[in-house]
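Contents: one structure, followed by commentary.
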């Protein structure tokens with residue numbers, strides 16, 4: 001059940017891009033756009049990383065514990081899970097905003113909402129207000145994430161697109177490091193500002209997006225879908241051809257995008273119903289939904305949100321040690337995330353997913369065993385090995401779920417349903433995060449280390465589902481992948497239009513050469 005994408009690709013656009021000998025950093029226009037992508041778009045996930053560490057690190061602060069009444073169990077869970085709950089509530093309207101007003105305005109809208117929520121969070125005077133503020137931040141976050149991930153994939157030059165979309169998730173750890181480091185520094189403040197300062201700093205990524213997002217061009221695919229053909233063409237000329245209007249690559253790219261969008265929109269009502277109308281779309285929805293669950297239920301929430309509880313299980317109760325260990329883990333995770341993103345072009349997607357999930361399973365089993373051994377006989381070696389396995393989790397997780405998540409989503413969902421597809425992923429991801437942040441503190445409190453066994457079993461199930469359901473998507477253009485599960489005639493129509501245009505240009509060039517020769 002691997003699907004049609006397991007074979008190689010002879011797509012003209014992909015081949016032309018990969019044969020381009022000039023690296024991106026030697027192309028001034030493309031280089032400038034990529035540098036702008038970081039504060040405007042790639043940095044959106046810094047908010048998610050910041051948030052995980054706001055909760056994780058705040059739980060280590062005496063002032064935060066005192067102010068909110070030393071939360072435990074369900075109360076502690078809702079303080080953490082208010083953000084994903086807000087995200088779930090905001091998801092239904094995201095495709096409407098994203099596809100009606102464009103990617104940039106959708107990012108702007110989500111960023112403004114997050115700034116409002118962050119201000120309320122920083123000045124909260126009780127638990128309900130803090131929970132409400134986190135819900136508001138969560139409401140705005142997926143608007144920016146969905147639009148930002150679409151914009152990266154639709155603006156990037158095909159040769160670098162997978163790396164750019166993979167770096168999108170790696171920025172999670174930049175936010176996590178800043179939050180962990182800030183909280184570690186403010187823990188010396190003997191009052192409420194020890195947690196209010198980090199809480200207010202959570203608006204920093206959103207302020208960057210508000211300040212810079214309109215310096216970026218709009219998605220050419222969005223513009224073509226709105227019949228703004230000349231604007232889209234000029235953007236592709238400027239950034240994919242460095243201003244050369246005669247670029248053969250851009251001419252071919254325009255034809256492929258235009259033809260593919262025409263076919264997509266002919267067969268789409270641009271509604272949520274499209275996601276279940278055909279067998280191909282239903283399979284995409286299943287993969288996107290499972291991917292949302294897997295990214296949040298593979299044991300990462302335990303480490304991201306409740307590391308303090310995990311460390312207590314193996315005897316490390318000192319808040320200073322926990323804070324240092326947490327900060328070190330976030331720095332290590334950033335290295336792993338960026339490294340995984342930079343090698344994404346070297347390996348096939350299924351290879352990375354299967355290697356990553358099996359590595360996660362091995363790490364979790366070893367971690368569970370070491371924790372159990374420590375609890376049974378207080379072995380110092382077992383405790384230190386548990387610390388090692390927590391660090392070993394990061395490269396395994398980053399190899400698949402962090403590096404490939406948005407790369408894969410953008411590849412499996414066609415333009416007409418891309419925003420809805422990523423929203424479906426966000427729904428299941430945030431729902432799983434809400435579930436995990438509420439259940440994990442209860443589970444670890446009720447059954448201790450045995451709770452890790454639940455994850456061992458579930459991760460094994462994930463590996464089986466990935467093996468049977470995940471198609472290969474590497475080495476293909478977005479337009480070629482638009483018909484990954486559909487009738488071959490759709491793909492042939494795009495190929496035929498592209499070949500006709502290429503042959504027509506070749507014939508024109510031949511006739512021009514003949515006329516010039518006759519003149520001579």
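Each residue, glycine too, has its Cβ placed from N, Cα and C.
Keep in mind that what you see is a predicted model, and the values were worked out from it rather than measured.
According to TrEMBL, the domain 'Major facilitator superfamily (MFS) profile' annotation covers 37-474.
Here the transmembrane segment (34-55) has long-range neighbours at 24, 79-80, 83, 107, 114, 134, 137, 141, 144-145, 148, 151-152, 155, 160, 164, 167-180, 183, 198-199, 201-202, 204-206, 208-209, 211-213, 215-216, 304-305, 326, 330, 437, meaning same-chain residues at least 6 beyond its ends whose C-beta is under 8 angstroms from one of its own. What TrEMBL lists as transmembrane segment is 34-55 (among others).
Under the heading transmembrane segment, TrEMBL lists 75-94 (among others).
Packing against the transmembrane segment (106-125) from elsewhere in the chain are residues 40-41, 44, 47, 86, 94, 97-98, 132-148, 151, 196-197, 199-200, 202-203, 206-207, 209-210, 213-214: each is 6 or more residues past its ends and has a CB under 8 Å from a CB in it. Summarising the annotation, TrEMBL assigns transmembrane segment to 106-125 (among others).
According to TrEMBL, the feature transmembrane segment maps to 131-155 (among others). Counting only same-chain residues 6+ beyond the ends of the transmembrane segment (131-155), those with a CB under 8 A from a CB of the stretch are 33, 37, 40-42, 44-45, 47-48, 51, 78-79, 82-91, 94-95, 97-98, 103-104, 106-107, 109-114, 116-118, 120-121, 124, 161, 164-165, 168, 202, 206, 209, 216-217, 219-222, 235, 239, 406-407, 409-410, 415, 418-419, 422-423, 426, 430, 478.
With a threshold of 8 Å between CB atoms, the same-chain residues lying at least 6 positions outside the transmembrane segment (167-189) that come near it are 38, 41-54, 56-58, 60-61, 63, 148-149, 152, 195, 197-198, 201-202, 204-205, 304, 319, 323-324, 326-327, 330-331, 333-334, 337-338, 340-341, 398, 402-403, 405-406. The transmembrane segment feature in TrEMBL is assigned to 167-189 (among others).
What TrEMBL lists as transmembrane segment is 195-216 (among others).
Positions annotated as transmembrane segment by TrEMBL: 285-307 (among others). Residues 52-53, 55-56, 59, 80, 176, 275-276, 322, 325-326, 329, 357, 360, 364, 390, 393, 397, 401, 405, 408-409, 412-413, 421-422, 424-433, 435-437, 440-441, 444, 452, 455, 458-459, 462, 465-466, 469-471 of the same chain lie 6 or more positions beyond the ends of the transmembrane segment (285-307) yet place their CB under 8 Å from a CB of it.
Marked as transmembrane segment by TrEMBL: 327-345 (among others).
TrEMBL lists 352-376 (among others) with the feature transmembrane segment.
Taken from TrEMBL, the feature transmembrane segment covers 388-410 (among others).
Marked as transmembrane segment by TrEMBL: 452-470 (among others).
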Practice prompt. Using a Cβ-Cβ cut-off of under 8 Å, list the residues of the same chain that are 6+ residues beyond the ends of the transmembrane segment (327-345) and lie near it.
Written response: 49, 53, 162-163, 166-167, 169-170, 172-174, 176-177, 180-181, 184, 303, 307, 352, 390-391, 394-395, 398-399, 402-404, 407
Worksheet item: List, by number or range, the same-chain residues at least 6 past the transmembrane segment (195-216) whose CB is under 8 A from its CB atoms?
Response: 33, 36-37, 39-41, 43-44, 46-47, 50-51, 54, 57-58, 61, 63-64, 67, 104, 107-108, 110-112, 114-115, 118-119, 121-124, 137, 140, 144, 151, 155, 175, 178-179, 182-183, 186, 189
Item to complete: Please indicate, using numbers and ranges, the residues of the same chain that are 6 or more beyond the transmembrane segment (388-410) and have a C-beta under 8 Å from a C-beta there.
Response: 149-150, 152-153, 161-162, 165-166, 168-170, 172, 288, 291, 294-295, 298-300, 303, 307, 310, 329, 332-333, 336-337, 339-341, 344, 349, 352-357, 359-360, 362-364, 366-367, 370, 418, 421-422, 425, 473, 478
Fill in: Distal contacts, the transmembrane segment (452-470) - CB-CB under 8 A, six or more residues away
1-2, 283, 286-287, 290, 294, 297-299, 302, 349-350, 353-354, 357-358, 360-361, 364-365, 367-368, 371, 443
